[in-house]
Amino acid sequence: MRVAVLPGDGIGPEVTEAALRVLKALDEREGLGLTYETFPFGGAAIDGYGEPFPEVTRKGVEAAEAVLLGSVGGPKWDALPRKIRPESGLLALRKSQDLFANLRPAKVFPGLERLSPLKEEIARGVDVLIVRELTGGIYFGEPRGMSEAEAWNTERYSKPEVERVAKVAFEAARKRRRHLTSVDKANVLEVGEFWRKTVEEVHKGYPDVALDHQYVDAMAMHLVKNPARFDVVVTGNIFGDILSDLASVLPGSLGLLPSASLGRGTPVFEPVHGSAPDIAGKGIANPTAAILSAAMMLEHAFGLVELARRVEAAVAKALRETPPPDLGGSAGTQAFTEEVLRHL
């Protein structure tokens, strides 16, 4: 099982190293046969190769079965043209692998309800996974344009585009609490009608998973009023963009949020947080999101669901007993990782 490691910039190398320590500890005990090769990416690749996603990295990604990514960007490269900034490497990476589904879990860990902006009794038990379609919808639909008098965009989805992201969501729900909520605007938009009908057709292949539908405006309200009711949520590109950001504030810290991007090529697993150049090299970065991204890799790239849950449980215990500085504790990157390993 080959993993391409892209540490990136800022705190990326530090938190990625923490995630690798956890993976290697599991490998030693379970004999997983994981192998790792590190490649330049983002600003680090610009410095060495003049571009954020060089050919050597592209080939490494294509030869791997999963990508573990750190973070990209920083003020050092902000003055560069937009097309060659570190962040453009992310778009190129996703496009090269045809990654059409983004998975963003938002979980309020037991004992950390106080961090959520919601009341503790509302935040308690929140564990929702947002599955967002990444490559279609209004962000990519044609025709699009703007004149002095008007502007226009096109919301468009084909049946295969909806079917494939729906299958990803149903599969994810099957590994969790077996409940999928599909979000659309079927009462106003034909695309929403089409989305709902197609998801219902896909549901026939997953009779063990419960399915319900929500309009996007109602869904935004429910995510604030009663987020614990949801298990897996699937939706289109623009609605997923908004709802995943809304859900991301529920745990109370970006340092807790992993993500996965899945598709036809090599899947990518990365923290939601940025490169945080202000704390890079200080040994205080919270590695939780990177470690949980590694857990998502075990589950979604290699099918090791039980091991992924063990990592999540170890992280939850470490967060409760020895939280890192951004969560009100004092455990630095190394110390927190040691605690995760101890609980693991």
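Don't overthink the numbers, they just go from 1 along the chain as shown.
Keep in mind that glycine also has a Cβ here, set from the backbone N, Cα and C atoms.
Residues or ranges marked as NAD(+) binding site by Swiss-Prot: 74-87, 274-286. DSSP assigns Ala280 (NAD(+) binding site) to coil in the three-state reduction, outside any helix or strand.
According to Swiss-Prot, the feature substrate binding site maps to Arg94, Arg104, Arg132, Asp217, an assignment based on similarity to another entry. Proximity of Arg94 (substrate binding site) to non-local residues of its own chain (separation of 6 or more, Cβ distance below 8 Å) is seen for Leu134, Ser261, Gly263, Val268, given in sequence order.
A helical conformation is recorded for Tyr139 (site 'Important for catalysis') in the three-state DSSP classification. Per Swiss-Prot, site 'Important for catalysis' is recorded for Tyr139 (among others), and the stated evidence type is similarity to another entry.
Under 8 Å, Cβ to Cβ, and six or more positions away along its own chain, Lys185 (site 'Important for catalysis') finds Val191, Gly192, Tyr215, Val216, Asp217, Phe239. According to Swiss-Prot, the site 'Important for catalysis' annotation covers Lys185 (among others), on the basis of similarity to another entry.
For Asp245 (Mg(2+) binding site), the number of other Cβ atoms no farther than 10 Å from its own Cβ, over all displayed protein chains, is 12. Marked as Mg(2+) binding site by Swiss-Prot: Asp217, Asp241, Asp245.
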Ranked by the number of other Cβ atoms within 10 Å of their own Cβ, which of the binding-site residues Ala276, Ala280, Ile284 ranks first? Ala276
In the chain carrying Gly74 (NAD(+) binding site), residues 6 or more apart in sequence that have Cβ under 8 angstroms from it: Asp9, Gly10, Gly43, Pro86, Ser275, Pro277, Ala280
Please give me the binding-site residues out of Asp78, Arg82, Asp245, Ala276 that lie within 10 Å of Arg104 (substrate binding site), comparing Cα atoms only. Asp245
Report the same-chain neighbours of Arg82 (NAD(+) binding site): residues 6+ apart in sequence with Cβ closer than 8 Å to its Cβ, ordered by sequence. Ser88
Looking at the recorded positions Tyr139, Asp241, Asp245, Ile284, which ones sit with their CA no more than 10 Å from the CA of Arg132 (substrate binding site)? Asp241
Compare the C-alpha of Tyr139 (site 'Important for catalysis') with the C-alpha of each of the binding-site residues Asp78, Asp241, Asp245, Ile284, and give the closest one. Asp241
Can you grab the distance from Asp241 (Mg(2+) binding site) over to Asp78 (NAD(+) binding site)? Cα atoms, rounded to a whole Å. 24
